[in-house]
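Lifted from Swiss-Prot, the feature list:
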ACT_SITE  Ser155  active site, nucleophile
ACT_SITE  Asp329  active site
ACT_SITE  His362  active site
BINDING   Arg226, Asp363  substrate binding site
DOMAIN    47-369  domain 'AB hydrolase-1'
REGION    387-415  region 'Disordered'
Amino acid sequence: MSRTRTTPGRRVESDVVDIGEHEFESGEILPDLQVAYEAYGEFDGQNAVLVCHGLTGSQHVAGHGTESGVSGQARAWWGDIVGPGKALDTNDYYVICVNVPGSCYGTSGPASEGPDGEPWGTDFPPVTVHDWTRAQRRLLDHLGVGRLHAVVGGSVGGMNALDWAVQFPDDVERLAVVASAARLDSQCLGIDAVARRAITSDPNWNGGDYYGEDRASPDAGLGLARQLGHLMYLSKDSMERKFGRRSAGRGDRGDAFPSDPAAAFFPYREVESYLDYQAEKFAERFDANSYLYLTRAMDDFDLSEGYESDAAALAAFEGESLLVSFTGDWHFTTEQSESLAGAFRRVDAPVAHHVVESDHGHDAFLVEPEKVGPPLGDFVDEGVAGRAVTDTATDGGEPDEEKDFAPVHSSLFSR
């Protein structure tokens, strides 16, 4: 059901649209693809900005005062960036965020009802980032939105944004890729693989067939997967500052694995308590099969697939680009963003690589809006010439080969 709310300075659309038959990259066809979106502000024909959400994010990119019973990235996950008077100013722009296929916030995915009236489960077609982009394009067509003023994405949403520059290069004027990369490295691929195995090893997963009130969900496996994710999203420095080796005290929570009798002798540390809390909250809001589907889509993405190089993949894109990276992010490093900036430069595409000094790890793009907002807002308004936009290139327009991106942490597990 479509809902539109209008308050001073803010208009919000929230809807789920049936875009009809949709063929996935795998060749499988869904007869009726449902796509959930939210849009903020007024469309004037030229001011549309598409925001691509992160792995477990939703279309609820900004708050509108009516959310209840949701948490994490399901609820206003970038509310300090999107809204009236903010970096993506909804007084000026028509900001759209689309829940991607395979997710579980209204767009068709494994938990959605299939043709037989039962949830799809693992019979749902495999999804790729390319599938996300094409579904977004069809949703925008339905809304009457043609060329986009900007596409903005963080984390895997940045990969989604990059895919727009490849699949629909003429449809994007400005591209902002925040805390992302052209592909995952082998360490992140390995961590994602272990996270998926945590889910599929949970007896309650049952081959993906766990839906129904009379069945238990694989919450333990999904929780472990989320805990791995949180370790990947934080930096060593931020974890040490936040938790250290402090004991949380057992209280009523106990250990995550109470069957281990030796655990009673040892302290239950604050970092464990934090991870257990995050696991519990995540299992309440997210679907385990969706986590499998979306991590595979992220792992599969490679900007240069089908091309000789990243630069060749971007050759048709003539718009301006902003890359934002964070020095403490080892999930998507500053070096990866600099390599991507080099690909844009090799095809003479206007690009700025803005490096943010931060020790908050990958989560910095969510938790430090005061550092992300100014360059992002100025770029969307003014392009790479925006006042708050900096670049790693020298005055001559070439990258500074001597640039050090300290303090980069290559891994939480380095010695």
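For all residues, glycine too, the Cβ spot is worked out from N, Cα and C.
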Collapsed DSSP category at His362 (active site): helix
Cα-proximity to the residue listed as 'active site, nucleophile', 10 Å cut-off, over recorded positions Arg226, Asp329, Asp363: Asp363
Secondary structure of the residue listed as 'active site, nucleophile' (DSSP, helix/strand/coil): coil
Collapsed DSSP category at Arg226 (substrate binding site): helix
Rounded distance in angstrom between the Cα atoms of Asp329 (active site) and Asp363 (substrate binding site): 8
Separation of alpha carbons, Arg226 (substrate binding site) and His362 (active site) (Å): 14
Neighbourhood of Asp363 (substrate binding site), C-beta criterion under 8 angstroms, separation at least six: Tyr233, Leu234, Ser238
